[in-house]
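Enquirer: Structure below; questions to follow.
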């Protein structure tokens, strides 16, 4: 029996990954992390989506220590989300160590479940400047987990080379475009669906959807070229 663990936030990307995983694996488990994030409503959204989509289990893990250590606009309500980059060239929504911690814990969970695949929705094409969304990081993390647990564990990143329009097309391929559009939470300000319309996450999501809806055939053709599936 094939098993996978999906790192699941209830946002557009991780929901698209979950939908795809449910069609590809016999047993899919979701894991959501509560780190005191600004958009904490995403945890309730994640609960609702995993229930509706039918995961084998949904684990919510308290990692509030990350929120205490990592100072970011996503962990401090007093820090407004900015469209400008910080002095280090990163957005102020970057949470240092987040994906290192998430993938480590998801890997441990997969080990206990007997799953050999961890799925995460990180993307280098539209990665907002986050270094822990790069393919080089994922490969290094995969190697570290394999060595550290003496287990063959695959970190699968189905969105790594897709742009946002292609991610919308992937959700549509599985018949879940409207679910992703109306019931996920990507907005940094915690508003479901189309979100606040002002934060960087909302801008990226909206632009991708508009690109897809106005160029469906071309976007689907590019998606097929990248994924090798119809």
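Using N, Cα and C of the backbone, Cβ positions are placed for all residues, glycine too.
What you see is a predicted model, and the numbers here were worked out from it, not measured in a lab.
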Enquirer: Can you find which of 133, 187 Swiss-Prot lists as binding Zn(2+) at the same site as 196, 199, 202?
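Expert: Looking at 133, 187, the one Swiss-Prot places in the Zn(2+) site next to 196, 199, 202 is 187.
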Enquirer: Specify the nearest of the binding-site residues 8, 12, 16, 18 to residue 199 (Zn(2+) binding site), where nearness means the distance between Cα atoms.
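Expert: Closest candidate to residue 199 (Zn(2+) binding site), judged by Cα separation, is 12.
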